[in-house]
Amino acid sequence: MARQFFVGGNFKANGTKQQITSIIDNLNKADLPKDVEVVICPPALYLGLAVEQNKQPTVAIGAQNVFDKSCGAFTGETCASQILDVGASWTLTGHSERRTIIKESDEFIAEKTKFALDTGVKVILCIGETLEERKGGVTLDVCARQLDAVSKIVSDWSNIVVAYEPVWAIGTGLAATPEDAEETHKGIRAHLAKSIGAEQAEKTRILYGGSVNGKNAKDFKDKANVDGFLVGGASLKPEFVDIIKSRL
C-alpha cells in the first residue's frame, strides 16, 4: 500500500529565537509538496514560537520529549497536555541520545509513548542499535525488544510513526546504505506484523534516521519500506527542503 511520505526534523538542543525563526521562514517560503507530511521538533523553549511562525499547512510542530504522567511535581519535564496547549501535536520518544545519555529504559519509553497517545499527542518512536550490536548481528533483535515494550501496552498504532536510527550513524556522517536500511525496515515491519497485526504493520510508516542530508536522501527513493526520514543536523539547514522534496 502507499504510505504518505513523512519527514521529521529533530533540532536537538540547537538554535536561538533568531535561528528558529530563520529556519521556519525558509520553510514558509519553500514550495513544499502537498503530499509530504513534515514535523519539526525544536527545543521545548521554542515550541510556542515555532507554532506561531509556521505558515505551512503540511508542517506540524513536535516536542523532543514528553513525560509519562500528567502535569505535577516533575521538575524539568514536559507534559503531553502542555505540548497540545501551545499548539504542537507530536513528540519524539525513545531517541538514542535519551536512551544512552539519560538512561531511559525501554519500559519508560513505552509508558511515555502510551501516555502521549492517550492524551492526544502523536508519536515518532525512535529505535535502533549500537555499532557493537550491529557487528554482533543482533540489529533486529534490539529493534524488536524496543518495539515490544510499546506493543505490550499500546494496541492502536495509527498515531505512531517508527523511526529506525542506527546509533552508529547519528551525527557521525556515516549512513546505512539504502539497501541496508530497506532490509532492516522490512524486518521491522515483519516483526510488527506479528506483534500488532499485519494490517497495522502495513500502515505504519517507518522512517530512516542517521546522517541523512540533501544529497543522500534521493538514494532511498525506490526503497518500498523506507517511508521517510528523521533528520538531525540537516534539519537546521536550507537542505532540509531538499530532503522534503527528495521523492519528487
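Positions of Cβ are set from backbone N, Cα and C atoms, glycine also.
Counting Cβ atoms from all protein chains shown, Lys12 (substrate binding site) has 18 others lying within 10 Å of its own Cβ. Summarising the annotation, Swiss-Prot assigns substrate binding site to Asn10, Lys12 and lists similarity to another entry as the type of evidence.
The active site, electrophile annotation in Swiss-Prot covers His95. Packing around His95 (active site, electrophile) is summarised by its Cβ count: 29 other Cβ atoms lie within 10 angstroms of its Cβ, all protein chains included. According to its DSSP assignment, His95 (active site, electrophile) is coil.
Long-range neighbours of Glu165 (active site, proton acceptor) (same chain, six or more residues apart, CB within less than 8 Å of its CB): His95, Ser96, Cys126, Ile127, Gly128, Tyr208, Gly209, Gly210, Leu230. For Glu165, the entry in Swiss-Prot reads active site, proton acceptor.
All protein chains considered, the CB of Asn10 (substrate binding site) has 26 other CB atoms within 10 Å.
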